[in-house]
Amino acid sequence: MKVIQKAYGRRAVTRAMLGAMALGPSMAGAARAQSDIKIGLTTDLTGIAASYTRSTVNGVELGIDEVNAAGGLLGRKVALLVRDSQLKPDLGTTHTRDLITREKVDVLIGPNSSAVGLTVSAVARQYQKPVIMTTPNTPRLPMELFHPHFFTLVPSGLMEARAMAEVMGPKGKKFAFIGGDYEASHQGLKFFKERLAKVNPGAEFITEAWPKLGEPDYTSYITKLASAKPDVLFSYLWGADLVGFIKQAKPYGLFNRTAVGTLLFMDDLKALGQEMPDGIWGQMRAPFFAMPGDTASRFVERYRAKYNDYPADFAIMGYEAVMAYAGAIKDAQSVESAALVKALEAGTFDLLRGRTRFRQLDHQGDVPSFIGKTAAGDKVPFKVLAEVERVPADKIWPSEAEVLEARKAK
Amino acid sequence: MMDEILIQALSGLSRGMVLFVVASGLTLIFGTMRIANFAHGSFYMLAAFLTYSVATMVGDRTWGFLAALCLAPPIVAGVGALIEWGLLKRIATRPHQYQLILTYAITLIVADGIKMLWGSDYRTVARPAGLDGAITILDMPFPTYNAMLILVGVLIAVGLHLLLTRTRFGKTIRAAVADGEMIGALGVNVQRLFTGVFALGAGLAGLGGVLAAPVGSVSLGIDSSIIIESFAVIIIGGVGNVMGALIGAVLIGVVHAVGILFVPKLAIAFVFIALCAVLLIRPQGLLGRNT
């Protein structure tokens, strides 16, 4: 938390000025703070996603620490301003606007939830400030709601569902679905079915279960799924819901008879510990244990040293957003929006998930989707994914025709 | 098909039992003190987190769970008594909406307190050894833990029934539900009764939290999902009536479970359809008295 420069408004400014008057030398400090490069991060620190958001902020902090330790950017230090949007879209708007107009941030990093992501992106568009999304992944952002200052390092919901269909599609004939009853989940199933029809035309869905978000007891859904005897179960549950579901489905032997493919975050692996069954197909956005090369393993060590925890997917993507900005600012030799957008479009960035470019068409980072089977981890106290397959972005992202079609329909 | 409906109903029954334990506490508090206690879900959540901590400290999954079962409900009952004595009592003479706002404020305070103590990660509690497998009913696996929940729910219902009908404390509670002013006039120490009832209610919420912890995940937010269903239970069953809460909870659990089988997309709505039907046809609740 130390590097977070909290914004207290006018009082803080007055206090800083008084302090500066009282102590001559700190004037120099105030002047230097003026020329910091400022990253604004509006995100959902309170609410059900709080632990994910904590990871994002940690990753971003670590990235900024490293940039500053290496001398900063363009001879200036980098500072982080964090605001809490509490999963409320209107707070996303007001905080982001305030960060831009009053705190004069140079660039933005997106929030946690898609609903807040939409409003943050809209403000970035209005004030023409670059924003990199690290978590919200509704396909509407890069497709119909695209604007030139928007960039994303998360595989969109469309890409993830297609990647899942690519991997799970050939594993059987009879498919079942379980997912929380909300928009992203309905969309996810639609995208999955579309790709499944290509991958495995003979496959069919025999049952679907739609528990409410935050359902504490899945037993009734599980008995229904188990009696349908599907070959493959596609799950769009995540977080605490997924953890509850897996614990409750285990005694039914669901994971022995059925190939289960699900969204999965490191937090889920950690929460379940050894209770996590082997052989579940998990789809992750940025699993630290499957990152290529030494850079990633050194990152994991530094992260653990600083936070005494393993970096969640969100921490890795937050860290990568800082690295992408650092690369682009060096390339552009400027923090001015137009130059920075150009540099982000033109650059190739060495991120933890590998070399990454943003596609011109929709500024979607060409990040893969990671799918593997749960198995015991030899270095960590929880299960990890084995046989991890990287489904490449160009196999799953929307074609140019699809993107243009969506934008025309808007 | 019949087998499937039966197993589905059984799974609904186990869900209903946890709900019953929590809602029975809520209905006692509501019936005796006429307080719609929103903080009831917080007691449930607090107990679930305590279960996690106790189980982690003890280490062994069976002993850890048993230790939590012995420790968490009394602790939560104590917290409930403190809240009643320190806060609710002070505004007992004010209009009801003040108490409503106060109990709502307590939910926020408890949630933030839990976040400060335990952090915002979600966690899991292992099921005790021997209860983590499944038994076979009608050729279908049924989790042993859920079967145990049904038994425990029945035991708690019997226990509460005995408490309310055979003990002086219980009889006083029933009298307070029937006519609160009268028992004061008859010389019962109403203040002590209220603190006792609130502690008992909180303890029952805590017991529900311990029983539910090994089923799903222990996370922030489980307070709000249980409180909504608990209110539905006591409205269906009749305010202040423990047997009504049992019927209401089992009804909600089974209707929900069987609903999933036939109209999965409407499963969530069934609880509230049942609630509306009761409100329209029998507004005082199935076992409630006309007032």
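Each residue, glycine too, has its Cβ placed from N, Cα and C.
Just so you know, TrEMBL annotations are computer predictions that nobody has curated.
On a predicted model such as this, the values are computed, not experimentally measured, just so you know.
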From B:39-60, B:193-214, the residue range that TrEMBL assigns the feature transmembrane segment: B:193-214
The transmembrane segment (B:65-88) vs the transmembrane segment (B:193-214): 3 or more CB pairs under 8 Å: yes
Most Cβ pairs under 8 Å with the transmembrane segment (B:145-164), selected from B:6-30, B:193-214, B:226-255: B:6-30
Recorded stretch, among B:6-30, B:100-118, B:193-214, B:262-281, maximising Cβ pairs under 8 Å relative to the transmembrane segment (B:226-255): B:6-30
Winner by Cβ pairs under 8 Å against the transmembrane segment (B:193-214), considering only B:6-30, B:100-118, B:262-281: B:6-30
Distant-in-sequence neighbours of the transmembrane segment (B:100-118), which means Cβ under 8 A and at least six residues beyond its ends: 35-39, 41-42, 45-46, 49, 52-53, 83, 87-88, 91, 220, 223-224, 227
